[in-house]
Amino acid sequence: MEKARPQWGNPLQFVFACISYAVGLGNVWRFPYLCQMYGGGSFLVPYIVMLIVEGMPLLYLELAVGQRMRQGSIGAWRTISPYLSGVGVASVVVSFFLSMYYNVINAWGFWYLFHSFQDPLPWSVCPLNGNRTGYDEECEKASSTQYFWYRKTLNISPSIQENGGVQWEPALCLILAWLMVYLCILRGTESTGKVVYFTASMPYCVLIIYLVRGLTLHGATNGLMYMFTPKMEQLANPKAWINAATQIFFSLGLGFGSLIAFASYNDPSNNCQKHAIIVSIINSSTSIFASIVTFSIYGFKATFNYENCLNKVILLLTNSFDLEDGFLTASNLEEVKDYLASTYPSKYSEVFPHIRNCSLESELNTAVQGTGLAFIVYTEAIKNMEVSQLWSVLYFFMLLMLGMGSMLGNTAAILTPLTDSKVISSYLPKEAISGLVCFINCAIGMVFTMEAGNYWFDIFNDYAATLSLLLIVLVETIAVCYVYGLKRFESDLQAMTGRALNWYWKAMWAFVSPVLIVSLFIFYLSDYILTGTLQYQAWDATQGQLVTKDYPPHALAVIGLLVASSTMCIPLVALGIFIRNCLKRGGSSPVA
């Protein structure tokens, strides 16, 4: 079996596969948001602490289990104990849920990439209304970038209850995204091993280009100063520590079974400890690097909007009070406003409601994450750059590479246990299993291309993995340390790699990491309970903005099913095996 198992061409392929999987969209669109929310530079303190006590140990644990058992998630945990088969099943279910919706982001990436070749960019201006006498009303109330995202890309419905039909353009992009994934995973490690060189390295090339461009933009220093100025009081905020732990946990892709699958194709003597440290450090460094790029763009966008606001106020006051052109400037604006208010009180009171309050700080304080950052904030900044088409093509190409790299890991977590199964692999070749998985995911993923698809996307993104993954990784650590036995696992690792296990890894696995996971689990569970009725953000076309609405009963039922379907795998499979063993013992007992 071991000889027949495919292997990576060399250890570098394995490292690149792990980096390509771990370094994903979260590094680009969630970490900068957390920095913004929790004290800029001071957020790095809890982030680095959580990397040391949670990220590295758990990453090493999963890689070591995969390399030792040389099987996918289901087989690896079944080898440790048949009762733990449900842990692997739960990982496959969560990875299946993730693959269903995650590739929709790649579909949106393709959609924006194709539109990036137009001049002007389609999200840079509002379209004309029906009778061509002015701009579209919804676009004027929102902005051109919001209009292109919510109306042209998603054609979003007013609520989750109005599903609407499948949008054929995003649907075609989704089919293309799944076709790309299929071609990359077609021959297992043979094809994936070559693709990961590109998907892992290409985003760094684009980030470096963007860094050089970002630092030369007007106002970039404002964004960087905002990021690196630490707000030390945030260190006393427990939410900063909880979010740091959560970001490390999900960014490394723990619990999905992808890392176990990748490590199972390693040579048994491979130094997975060294690779765990390399991958976790590169992943975290990428988050910080991506934040520098993002905040230079933020600074440019905030400065552009701030100066644009000032110019509108200056124009309004110049026209209202017949001031000389060029007399009113940004430097003397406040002084002149005070003079006009005291000299012409009645006239100033008429103009005052139209004077916008311009603040660079408030522009920088606008925190956005996820699709809002990728498809609205970034596109807002890109449209104001010179040669905007080039920067748009580069940006969405980078997003596609990050998304595709993560998808290779997600699909590996599903395919490895399936191809390891003698029953399935005896009937179907590897290519057919891969094609079937991609086809089923693509067919179900069409739900996310409907008019209400973005609301369902948010449900899957928020609830499909959070509690499930925490429970999976908690059971994994307990299984290795207390079911399989830490001493036994230590001797296995020493026999494999020829290196003794450090006290640091043993302390983290046996105590620190499980306690941390339990704390996170309790926090999220209590947060869900205390929140009361779960709510979502719906797009109101009449106001041109998002409004908060309560989830309807059928959406709440889907949320409950998402959480239960993966978490319940662990106890249900264990119960099933226990009953089967009892029946076997009962059937084989001698008759008196």
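Cβ atoms here come from the backbone N, Cα and C positions, even for glycine.
Going by TrEMBL, these are the annotated features:
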type	residues	note
BINDING	A22, V23, N27, S251, N283, L402, S406	Na(+) binding site
TRANSMEM	12-31	transmembrane segment
TRANSMEM	43-61	transmembrane segment
TRANSMEM	82-102	transmembrane segment
TRANSMEM	168-186	transmembrane segment
TRANSMEM	195-220	transmembrane segment
TRANSMEM	240-265	transmembrane segment
TRANSMEM	277-298	transmembrane segment
TRANSMEM	393-415	transmembrane segment
TRANSMEM	436-457	transmembrane segment
TRANSMEM	463-486	transmembrane segment
TRANSMEM	507-526	transmembrane segment
TRANSMEM	555-579	transmembrane segment
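Around the Cβ of L402 (Na(+) binding site), a 10 Å sphere holds 29 further Cβ atoms from the protein chains shown. Neighbour counts of Cβ atoms within 10 Å were taken for the binding-site residues N27, S406; the minimum is at N27. Same-chain neighbours of the transmembrane segment (82-102): 72-76, 255-258, 260, 403, 406-407, 410-411, 413-414, 417, 437, 441, 444-445, 448, 456-457, 460-461, 464-465, 468-469, 471-472, 475-476, 479, 483, 562, 565-567, 569-574, 577-578, counting only residues six or more beyond its ends whose CB sits under 8 Å from a CB of the stretch. One way to see the shell of the Na(+) site is to take the Cβ centroid of A22, V23, N27, S251, N283, L402, S406; the remaining same-chain residues with a Cβ within 8 Å of it are I19, Y21, G24, L25, G26, L252, G253, T286, S287, G405. Contact count against the transmembrane segment (43-61) (Cβ pairs under 8 Å) is highest for 277-298, out of 12-31, 195-220, 277-298, 436-457. Counted over residue pairs separated by six or more positions, the transmembrane segment (393-415) shares fewer than 3 Cβ pairs under 8 angstroms with the transmembrane segment (507-526), which leaves the two as not touching. Sequence-distant neighbours of the transmembrane segment (195-220) (same chain, 6+ residues past either end, Cβ-Cβ under 8 Å): 13, 16-17, 19-20, 23, 184, 286, 289-290, 292-293, 296-297, 299-304, 385, 391, 394-395, 397-398, 401-402, 404-405, 408.
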